[in-house]
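Enquirer: Take this structure, written in structure tokens, and hold onto it; I'll ask about it next.
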Amino acid sequence: MTEVRFVGGSRPETASDAGGPGMLRAAGAAARLVWRTVPGGVLGYAGCALSAGAAPVAIAWVTKLVLDDLTAGAALSTLLGLAAVLAGTSIAIAALTQFEQYLRGEIGRTVSLAAADDLYRAVERLRGLKRLEDPVFLDRLRLAQQATIGPAELVDGVLSTARGLVTGLGLVVSLTVISPMMTAVVLVTGIPMLITELRLSRQRAAMTWSIGPTERREIFYRGLLESTEAAKEIRLFGIGPFVRGRMLAERRTADAQKRRVDRREAVAQGGLALVSTAVAGAGLAWAVAAAHQKVLTIGDVSMFIAAVAGVQAAIATLLTAITQTHQQLLLFGHFAAVLEVEPDLPAPPDPVALPPLRRGIELRDVWFRYSDQHPWVLRGVNLVIPHGRALALVGLNGAGKSTLVKLLCRFYDPTRGTILWDGIDLRDADVSTLRQRTAAVFQDYVEYDLTAGENIAIGDIGRLADREALRAAARRAGVHEVVERLPRGYDTLLTRMLFDENDDGDPSVGVRLSGGQWQRLALARAFMRDRRDLMILDEPSAGLDAEAEHEVHSQLREHRIGVTTLLISHRLGSVRDADTIAVLRGGVVVEQGPHRELIAAAGVYARLFRLQSTGYQAEAAEEPEVGSGPELVRSPEASGAAGFVATDSR
Ligand SMILES: Nc1ncnc2c1ncn2[C@@H]1O[C@H](COP(=O)(O)OP(=O)(O)OP(=O)(O)O)[C@@H](O)[C@H]1O
């Protein structure tokens with residue numbers, strides 16, 4: 001069964017409300033990252049950018065000299081010399097531009113790779129599940145991921161600012177030589193431009209943050225339309241138009257906000273463009289009039305035109321660069337926030353490396369809820385899994401069985417109470433040793449688009465190349481023959497992403513397995529972690545046929561002898577021979593003991609088991625071939641705390 005979900009929830013109004021680090025910290029993080037990864041490239045790029053910034057100033061001055069010398073009747077050799085300087089400068093600019101482009105790409109690739117590495121290392125450092133279930137963190141992670149794609153733009157933004165400053169300053173000095181008053185006018189018009197652009201940039205960033213949940217929902221609906229898992233239901237129930245409608249509605253909502261910001265930008269930038277054009281026009285009229293009165297030379301006029309256009313272009317470049325840098329830094333703020341995120345599991349100051357299990361695991365008055373806003377799932381569970389014994393946990397859907405598994409793996413800490421491993425509180429233990437000592441088949445195991453061998457080796461990835469170990473695990477899970485028969489055996493790609501119907505079975509594209517075959521692979525994955533101290537089996541046979549289930553449980557029975565095991569199953573027939581069976585109901589363990597004792601006690605378990613057997617026998621009488629074992633399902637009468645319907649008792 002596949003869960004398709006989107007994560008919703010309340011979130012802060014702005015990124016900074018969510019505790020994002022300030023721009024300075026973001027800038028510091030970005031500078032450190034870039035300098036650490038490509039110091040040489042950045043120096044080269046800076047050299048190119050600054051030279052390219054100085055070039056327009058040089059060209060404007062040489063052009064002025066050429067024109068003045070021409071009108072003054074200078075010698076041809078002088079004019080040709082100046083023309084050669086002009087041509088040389090233009091060639092240098094062209095070459096520099098190409099080199100700069102290449103360096104930009106290279107810096108982008110290198111820094112982006114390092115940033116992605118840093119980001120996902122930080123995600124790996126989160127040892128629990130809490131953060132990945134937090135919508136605010138997920139939004140932040142998505143924006144941080146965007147930041148890793150564009151660090152070149154950040155470098156670009158900073159260096160464009162530097163280039164704009166060099167060009168602008170050079171031309172401002174040149175313009176001042178001709179007309180200090182005009183220089184002042186051009187510069188003063190630049191200040192409102194700068195303020196406006198910064199305000200627009202901030203508005204854009206706020207909008208990007210505020211549409212986060214909308215975009216997340218759009219991604220969810222789009223994912224449904226593209227997913228193979230959802231395809232069957234979407235087609236059979238004909239909900240394609242419904243999902244598409246929802247997706248487009250989310251897109252329209254986001255687009256409306258983007259449009260509002262775009263319009264504001266268009267109006268503001270249009271106004272600014274008008275002002276700068278008016279300033280340039282007025283300046284040109286003044287320069288022409290001054291040249292007419294012989295106050296300025298022809299060269300001065302050319303210099304003036306180049307300087308006004310150049311200063312305005314430099315201001316525009318500066319503004320774009322500042323805006324771009326500002327945007328990137330905001331994204332980088334999310335990147336830095338993810339890198340600095342508090343661990344979701346408090347790390348003990350002096351973690352204990354868990355020793356091999358000798359006595360057992362004890363849950364002592366364990367209370368748990370997923371957050372303060374959620375209801376209690378466990379309300380004081382007391383349970384012991386003695387070393388080398390098998391404990392079966394049964395209970396209704398939603399009773400909290402898988403939650404208890406997650407606590408045992410320390411994906412969360414109990415809200416109250418403790419879980420003890422040979423008397424050591426899991427909170428004091430090194431979580432890596434705990435995980436190394438645990439093997440598990442989760443109810444919602446993952447089907448990886450990898451080869452069959454890799455899918456098994458995931459249980460112990462260090463033994464990926466150990467073919468014999470893979471085969472042994474597959475044999476125990478009863479899937480070896482299936483894998484051997486695949487076109488490339490253990491090297492066959494198992495995928496759900498086939499391009500068309502003819503691809504199924506094509507080894508170069510991949511093959512598809514049935515649900516039960518996948519389940520056996522998941523079991524084989526757990527068997528790769530044989531000889532671990534704790535084996536957790538959460539519904540290990542849910543998708544198996546009757547024969548396979550029988551086979552798998554016989555295997556499990558045989559192999560769990562002496563292994564500390566927690567077994568969860570809705571099929572009572574498969575848990576009856578566990579050393580202890582515990583019934584979880586209303587957040588507490590209401591009964592526990594071996595099958596015989598519980599039946600003799602004539603309590604909840606006995607009633608349920610009888611119900612199950614009766615149900616199964618009735619069905620078996622009608623249909624003797626059918627029946628894979630007793631299964632716990634919700635009975636019509638059991639809408640309350642505990643109710644099981646029995647379908648078999650082998
Ligand atoms: N990540 C989560 N965040 C919030 N609530 C959750 C989360 N996971 C489970 N729950 C809630 O915790 C309760 C117990 O769920 P759990 O999956 O542990 O039950 P279960 O006994 O394993 O059920 P089933 O037999 O259906 O597998 C349910 O009410 C469920 O809604």
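Cβ coordinates are placed from backbone N, Cα and C, and glycine is handled just like the others.
In case it's useful when we look at the structure, here is the feature table from TrEMBL:
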type	residues	note
DOMAIN	48-327	domain 'ABC transmembrane type-1'
DOMAIN	361-611	domain 'ABC transporter'
REGION	619-650	region 'Disordered'
TRANSMEM	42-62	transmembrane segment
TRANSMEM	74-96	transmembrane segment
TRANSMEM	169-195	transmembrane segment
TRANSMEM	266-289	transmembrane segment
TRANSMEM	301-322	transmembrane segment
Enquirer: Which stretch from 74-96, 169-195, 301-322 shares the most C-beta pairs under 8 Å with the transmembrane segment (42-62)?
Expert: 74-96
Enquirer: Using a Cβ cut-off of under 8 Å, list the residues of the same chain at least 6 residues beyond the transmembrane segment (301-322) that approach it.
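Expert: Residues 56-57, 59-61, 63-64, 67, 156-158, 160-161, 163-165, 167-168, 171-172, 174-175, 178-179, 182-183, 186-187, 190, 193-194, 197-198, 201, 276, 279-280, 283-284, 287-288, 290-291.
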Enquirer: Can you name the far-off residues of the same chain, 6+ from the ends of the transmembrane segment (74-96), with a Cβ under 8 Å from a Cβ of it?
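Expert: Same-chain contacts beyond the ends: 48, 51-52, 55, 58-59, 62-63, 65-66.
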Enquirer: In the same chain, which residue numbers or ranges, 6 or more beyond the ends of the transmembrane segment (169-195), come under 8 angstroms Cβ to Cβ?
Expert: 53-54, 56-57, 60-61, 272, 275-276, 279, 283, 286-287, 296, 300, 303-304, 306-308, 310-312, 314-316, 318-319, 322
Enquirer: I'd like to know the mean pLDDT over the domain 'ABC transporter' (361-611).
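Expert: When the pLDDT values over the domain 'ABC transporter' (361-611) are averaged, the result is 87.
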